[in-house]
Amino acid sequence: MKPLDSLEMPRPAGASDPIITVSGLTKTYASGFQALKKVDLEIRKGEIFALLGPNGAGKTTLISIICGIVNPSTGTVVADGHDIIRDFRPARTKIGLVPQELTTDAFESVWATVTFSRGLFGKPPNPAYLEKILKDLSLWEKRDSKIMTLSGGMKRRVMIAKALSHEPTILFLDEPTAGVDVELRRDMWEMVRGLRENGVTIILTTHYIEEAEEMADRIGVINKGEIVLVEDKHVLMQKLGKKQLTLHLQSPLSSLPAELQSANLQLSSDGTELVYTFDTQSQETGIAGLLRRLNEHGIDFKDLQTSESSLEEIFVSLVRGRA
Amino acid sequence: MNFYGIKAIYLFEMARTWRTIMQSIASPVLSTSLYFIVFGSAIGSRMASIDGVSYGAFIVPGLIMLSILTESISNASFGIYMPKFTGTIYEVLSAPISAVETVIGYVGAAATKSIIIGTIILITARLFVDFSIAHPVWMIAFLVLTSVTFSLFGFIIGIWADSFQKLQIVPLMIVTPLAFLGGSFYSINMLPPFWQTIALFNPVVYLVSGFRWSFYGVADVGVGISLGMTLVFMLLCLAAIGWIFRTGYKIKA
Ligand SMILES: Nc1ncnc2c1ncn2[C@@H]1O[C@H](COP(=O)(O)OP(=O)(O)OP(=O)(O)O)[C@@H](O)[C@H]1O
Ligand SMILES: [Mg+2]
């Protein structure tokens, strides 16, 4: 195994400073349902953080608390050095949110709604900047249209334009690509990357694992209100690239012959199984060579199986494991 | 202070008013004009004057108050109920804007609209009946104070309501009866003594009486009491709104 550090992509300076620190956050809704159980999480400045989790895991609840839409039960959140409750003004000025639900003022025009959003966040008018956002999101032609006359994908982009209208440095995207076609999804990924280049920290939730793989620097998994894993994407990808071949032996071995000993090959404790780990991405899997050498040593097997750990599987097993 | 934020909410709400101008301004003006025709000109010409004021002129302040009450409540309650209903409230909640600023934006717009309506009705009334205004400054003061107070009250209803039915029920079942029994069409001195006492528990009586005093210099109750009662009601509304925002009652889960 290569050392982890060598897998890390270079990141902009200061990238590991936390920009959001969530500590001991819990949320019990009025119904008595506990949606978050002691969540601790750090988001680093300038990263794209993907939050994965099944329906009802608490993703939206977590985001809503950070953005001020839901009251926390206990715990604190610090955004860009400001407590989100005591110091809500500077904290919220920095944050933009694209909520999961498409909620827009149907009768307003696109231009009116982004102008409203910018003003609401306390920023002086800047038509040139709003024009740029609308153009970037291919909404400029629609600026005078009422929102209710737009398609779902366009409405989604209007929500993004609203969230960007006050030039936030932290952007939350709660399932930005739900119900969005492939082409628009690509555009959105492009846009998110562009924002990251400009120093915006992005936290997105998604159910599409390939989206997290494609976009994120780090991945967090939440299940039943608990963060079960936070890991650098490359580390996860490395686990992902591994495949295992399990050989069920005819007769148990007490130990591996010396020539066969390698880090990739392991004998189970009862001596009935050999587990060979290999990298699907490399040219040579080494399976043929392994089988040949086993044959030379007279080691027979009655069955074999391969297994692969995809991110999806890692994800599912994590989520199941805690169920 | 987030002035841009207040302005954004205020202009958003006013834009809604202009967009629905027929419903929001034309219709209250039309219905009040009908009152003037029926009660002021047709019936009023056969009625004796009250406190030396012709009946047509007597009902002008009361009718303006009636419109301001119902319009303030319905406009302010609808203004905050709709974003709750459609979910667009998320944006206001996530913005760097305080509770006070939010209320100034919404209530300010609702009150502005009521004042516009009140003024239009006043001018319209002049076409039907002859009247003069004895204390114009007080008249404006009562107009503004009532508009603001009942817009605050409407805001509270809009937050409390979680269905369109609840949104309608308070104005319909409580405010309209109080307003009609509040002396818009008669002087409470015309009631039997027992009902006079009962009437004093109706807050609208004080508003109408004070407002009428600013027109004709005559009142059912002292103008100081009228003013005091209006202010008390306004403070109650402010206290309720303060509590709502502190606890997040019905707006934040
Ligand atoms: N206002 C509320 N009152 C009571 N329970 C709620 C409320 N909002 C959410 N919940 C519950 O809290 C849990 C977490 O909900 P949340 O919306 O945070 O999940 P999520 O991870 O965003 O799910 P999804 O992927 O479906 O969007 C769910 O069980 C949900 O039913
Ligand atoms: Mg969600």
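Heads up, the Cβ atoms here are built off N, Cα and C, so glycines get one too.
Positions annotated as domain 'ABC transmembrane type-2' by TrEMBL: B:19-248.
Residues or ranges marked as transmembrane segment in TrEMBL: B:20-43 (among others).
Taken from TrEMBL, the feature transmembrane segment applies to B:55-83 (among others).
As annotated by TrEMBL, transmembrane segment applies to B:103-125 (among others).
Here TrEMBL flags B:137-161 (among others) as transmembrane segment.
Taken from TrEMBL, the feature transmembrane segment applies to B:167-186 (among others).
Tertiary proximity for the transmembrane segment (B:198-215) is limited to same-chain residues at least six positions away from its ends with a CB under 8 Å from its CB atoms, namely 57-58, 60-62, 64-65, 69, 131-136, 138-139, 141-143, 146, 178-179, 181-184, 188, 191, 221, 223, 225-227, 229-230, 233. The transmembrane segment annotation in TrEMBL covers B:198-215 (among others).
Sequence-remote contacts of a segment are chain residues at least 6 beyond its ends whose Cβ falls under 8 Å from one of its Cβ atoms, and for the transmembrane segment (B:221-245) they are 99, 102-103, 138, 142, 145-146, 148-149, 152-153, 155-156, 159, 200, 203, 205-207, 209-211, 213-214, 251. According to TrEMBL, the feature transmembrane segment maps to B:221-245 (among others).
Looking at B:20-43, B:55-83, B:167-186, the range that has the most CB pairs within less than 8 A of the transmembrane segment (B:137-161) turns out to be B:55-83.
Away from its own ends, the transmembrane segment (B:167-186) comes close to residues 39, 50, 59, 62-63, 65-66, 69-70, 73-74, 77-78, 81, 157-158, 161, 199, 202-205, 207-209, 220 of its chain (Cβ-Cβ under 8 Å, at least six residues beyond either end).
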